[in-house]
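Feature annotations, courtesy of TrEMBL:
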| type | residues | note |
| --- | --- | --- |
| DOMAIN | 42-262 | domain 'CobQ/CobB/MinD/ParA nucleotide binding' |
| DOMAIN | 290-487 | domain 'CobB/CobQ-like glutamine amidotransferase' |
| ACT_SITE | 369 | active site, nucleophile |
| ACT_SITE | 480 | active site |
């Protein structure tokens with residue numbers, strides 16, 4: 001059950017009390033030593049952001065799961081606009097959701113107690129135990145996280161007790177020495193949990209030995225003791241060339257280099273880094289070409305993961321300062337954390353002129369959540385939930401208005417496409433699964449919607465959502481995850497023309513196969529489950 005996130009949050013402390021409170025938290029109950037009667041606790045730390053921590057954790061979870069262990073992931077704090085919804089309507093980072101899938105464990109808000117959703121200008125929405133606490137600037141959040149620390153430790157120990165293994169993930173680098181006294185996600189979390197840590201470096205970024213040694217050397221002695229092994233990720237080439245570096249690094253630190261994980265290449269897994277927009281080009285001769293507009297505050301890129309690894313599809317993420325060359329079969333307006341701000345940036349960009357020409361030529365356009373809201377005639381925000389603008393003209397592609405409300409909807413849903421709305425799927429009896437994370441409420445300008453929605457567990461009718469143009473070439477919905485439904489995605493693609501190539505496997509089968517392969521590769525490189 002999702003807890004009330006405001007329960008027992010201590011009062012504000014004077015500046016400088018952070019270290020005292022966090023030290024007191026660690027001492028209360030002797031959490032610096034592993035509890036031999038509890039689950040084994042492993043942790044993956046990194047020399048920086050984007051080194052591969054999330055996927056290594058997912059790989060360890062999958063390998064353990066396939067060996068019959070009950071396993072859970074845990075990350076005390078994540079910063080991402082790529083969120084997922086748990087069964088009881090709480091939000092967690094998408095990386096932890098994938099790790100839960102790898103572990104074969106039901107996603108739970110306790111896997112990711114703090115989720116920060118950046119809003120820009122140094123502010124983030126803070127999600128605690130799945131529920132919004134509010135919007136905080138950097139100083140406000142620094143005070144808040146110190147006050148939340150005791151609950152995070154309590155939640156961790158309460159949650160993990162029923163598992164055989166827990167795999168924790170750090171964030172960024174543990175050696176941000178200006179922030180060490182406020183750490184609650186890296187080495188201090190490892191000490192609270194009694195975890196043994198692997199320090200991971202990314203050779204693709206360059207200077208991997210300097211990064212590993214520099215990170216280790218900047219840590220206080222009590223934090224160094226947490227690091228039992230080091231590892232290198234994203235390697236290409238002759239591994240023997242690294243042997244001299246391994247020997248030198250172990251001599252300097254006393255910490256062995258456990259292994260090297262080769263670059264995963266085209267393994268069809270979601271990107272771990274929520275800020276790096278990469279262009280994905282799946283192979284195949286003359287594939288269908290789908291384009292996603294990469295808003296400055298793009299969120300929930302996971303909506304497009306089902307297209308990865310499909311040889312009949314090329315998926316491009318378009319930045320606002322470029323214009324595509326060649327034909328595009330469909331343009332997606334994806335989710336965003338700043339609907340109005342990103343819409344205005346879009347209108348000022350070179351891409352907007354191309355988009356208007358594309359629409360006049362009857363190009364297909366699909367909007368999801370924030371992108372769908374942009375397709376409205378009017379965007380109303382009387383309470384200034386998303387911006388200081390109480391009213392903005394939308395793109396006017398579909399006949400509805402949208403109004404932002406303070407209360408956020410976060411829930412899993414299922415639905416059916418209504419007869420006569422989407423030509424490629426109209427009247428299908430297939431039940432579509434998805435989820436909602438939104439402040440916007442749609443106000444149709446007459447007529448019905450395209451998707452009848454029902455509560456995931458109770459089956460209660462929630463209403464009709466989404467709109468479509470008369471010819472069905474432009475449509476949008478506030479629901480994420482629709483393309484994970486195999487029949488829906490397949491018929492959506494086939495409506496644009498015959499696929500030159502197509503995977504014989506469903507998205508879920510491709511994902512499961514990729515996780516199995518990831519698990520084997522991660523274990524071969526870092527056999528942590530064999531280490532005592």
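Here, residue 1 is simply the first one shown, and the rest follow in order.
Positions of Cβ are set from backbone N, Cα and C atoms, glycine also.
A gap of 7 Å separates the Cα atoms of the residue listed as 'active site, nucleophile' and residue 480 (active site).
Annotation for the residue listed as 'active site': same-chain Cβ neighbours under 8 Å, separated by at least 6 residues, are 300, 302, 303, 335, 368, 369, 434, 435, 436, 437.
Within 10 Å of the C-beta atom of residue 369 (active site, nucleophile) sit 24 other C-beta atoms, taking all shown protein chains into account.
Across the domain 'CobQ/CobB/MinD/ParA nucleotide binding' (42-262), the prediction's mean pLDDT works out to 95.
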